[in-house]
Amino acid sequence: RSANVSHEVINVTLHTTLAATTKLVVPTPAKPILPVQTGVQAQQEEQSSGMTIFFSLLVIAICIILVHLLIKYRLHFLPESVAVVSLGILMGALIKIIEAQKLANWKEEEMFRPNMFFLLLLPPIIFESGYSLHKGNFFQNIGSITLFSVFGTAISAFIVGGGIYFLGQADVIYKLNMTDSFAFGSLISAVDPVATIAIFNALNVDPVLNMLVFGESILNDAVSIVLTNTAEGLTRENMSDVSEWQTFLQALGYFLKMFFGSAALGTLTGLISALISFFNFDDTHHIDLRKTPSLEFGMMIIFAYLPYGLAEGISLSGIMAILFSGIVMSHYTHHNLSPVTQILMQQTLRTVAFMCETCVFAFLGLSIFSFPHKFEMSFVIWCIVLVLFGRAVNIFPLSYLLNFFRDHKITPKMMFIMWFSGLRGAIPYALSLHLGLEPIEKRQLIGTTTIIIVLFTILLLGGGTMPLIRLIDIEDSKARKRNKKDINLSKTEKMGNTIESEHLSELTEEEYEAQYIKRQDLKGFMWFDAKYLNPFFTRRLTQEDLHHGRIQMKTLTNKWYEEVRQGPSGSEDDEQELL
């Protein structure tokens with residue numbers, strides 16, 4: 001009997017333990033499978049997607065012709081982004097007239113789809129920006145750039161978002177809650193000084209100023225997206241039972257996870273690509289892709305997009321990951337590639353990024369007539385004031401703070417240009433369409449206000465940058481002597497006529513040691529990179545490697561020349577010039 005009692009006690013104990021364990025261990029919910037459309041629905045979606053692709057490619061083709069005409073007729077004073085946006089506005093007006101006459105209905109095709117922007121258009125733009133950085137100036141100013149892009153963007157987002165929230169509570173403007181106000185402040189803090197950078201390059205302004213504006217805009221885009229996603233995450237969750245301090249800590253933790261996790265993922269992916277390309281040099285390994293540039297180029301394209309897909313798949317920021325991957329691949333991986341692949345990477349990325357930027361700016365102009373608007377004058381005016389004020393609070397105090405630690409000081413003129421060059425571009429527009437705000441009039445108000453601010457900064461501030469630079473006399477002394485007719489703001493013409501020597505300069509062991517290792521002026525990360533990282537992830541070329549690269553380029557040149565000679569015969573002068 002005692003044995004039976006003991007057996008029952010053990011059964012009750014086990015049952016109680018299993019029940020408690022079952023309550024503690026919550027089963028992971030199955031990942032929902034998206035419904036797959038079949039039959040008529042699938043055919044209709046395929047037709048709609050096909051027309052959207054056709055319309056987008058048609059818009060890009062028209063914009064390419066426009067850019068060609070700007071170059072042909074030497075309209076170099078007009079930035080291409082401004083011209084493409086203006087063309088988009090004219091195309092939108094024409095489509096509106098056609099629809100009013102009931103000749104066609106292109107409402108679905110001309111609508112800008114945020115998913116297409118974030119999955120297809122934005123990754124090449126961000127990766128090419130990181131890949132094309134002038135690494136010397138970037139790493140020398142990495143501290144200043146990080147401070148402006150991270151803390152400065154957060155300051156601007158809080159000022160704009162807080163101003164909108166409190167003005168709404170005072171019934172001065174349209175009322176938004178705290179998370180929606182912060183989401184709008186975050187998205188509108190993304191700067192895109194495309195026109196300003198073109199003017200900087202044309203006038204040869206201080207390279208430090210150029211890098212500060214350009215480097216800040218690259219990191220700033222990723223930071224703005226992460227901040228906006230943070231605000232969206234707080235909107236989706238039920239925060240009614242959570243205190244304001246807990247909400248702030250939760251938002252800060254989410255931002256740090258997204259920022260540093262995505263940056264680490266992108267950096268790791270770039271370093272792995274560097275190691276793989278490093279092994280290409282060794283004939284004893286089976287992975288030797290340098291002898292087949294097409295396969296080597298394909299591998300690099302895979303690594304270019306790989307961190308974006310992985311980061312988005314594990315709920316990190318794909319934009320932040322692909323940015324850091326581009327910087328690391330440009331700094332290490334690129335110098336391990338064959339000369340042919342280097343040129344292919346540089347020109348292909350530039351071409352794809354140009355097409356993506358052109359498409360976005362064209363659709364930005366089209367949105368004037370295709371987007372359902374809700375316009376409130378007071379909201380727009382106060383938002384513009386807060387954007388300019390937030391940019392000023394970002395630039396001026398941080399610049400004065402950085403001057404205590406910088407050898408090359410940021411002058412008041414440079415500060416003013418940095419403040420004035422805070423143009424808004426495609427990313428705020430796409431983020432405004434991506435916000436899931438309710439009711440629908442709130443989304444329309446945010447979208448309309450964003451479009452107006454973007455157009456205001458591009459057309460007015462972007463158009464006034466060159467007169468302002470000449471007025472405050474910040475351009476280089478050599479550029480000051482040029483005639484105004486020599487100023488060239490065409491990014492495409494410069495992109496097609498030049499190949500960056502930094503991306504094609506290969507050093508032998510002796511040259512690298514003389515140029516970097518023995519230099520006494522290297523400090524901080526620059527010294528650590530030259531001493532340890534660069535020698536580990538990149539291989540210095542031997543004379544045999546250089547000889548093989550020259551033979552490879554000469555073979556391709558001779559092959560191209562033979563194909564040219566087999567074409568239509570030209571004059572002897574043309575042939576002699578070609579030789």
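Cβ coordinates come from backbone N, Cα and C, glycine included.
Taken from TrEMBL as is:
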DOMAIN    63-469  domain 'Cation/H+ exchanger transmembrane'
TRANSMEM  53-71  transmembrane segment
TRANSMEM  77-95  transmembrane segment
TRANSMEM  116-133  transmembrane segment
TRANSMEM  145-168  transmembrane segment
TRANSMEM  180-203  transmembrane segment
TRANSMEM  258-281  transmembrane segment
TRANSMEM  352-373  transmembrane segment
TRANSMEM  379-402  transmembrane segment
TRANSMEM  414-431  transmembrane segment
TRANSMEM  451-472  transmembrane segment
Distal contacts, the transmembrane segment (145-168) - CB-CB under 8 A, six or more residues away: 138, 174-178, 181-186, 188-190, 211-212, 215-216, 218-220, 223-224, 227, 259, 382-383, 386-387, 389-391, 393-395, 398, 401-402
Paired segments the transmembrane segment (116-133) and the transmembrane segment (451-472) in contact, 3+ CB pairs under 8 A: no
Positions whose Cβ lies under 8 angstroms from the transmembrane segment (352-373), at least six residues beyond its ends: 56, 59-60, 62-64, 67, 80-81, 84-93, 95-96, 107, 110-112, 117, 120-122, 124-125, 127-129, 194, 425-426, 429-430, 444, 447-448, 451, 454-455, 491-492, 495
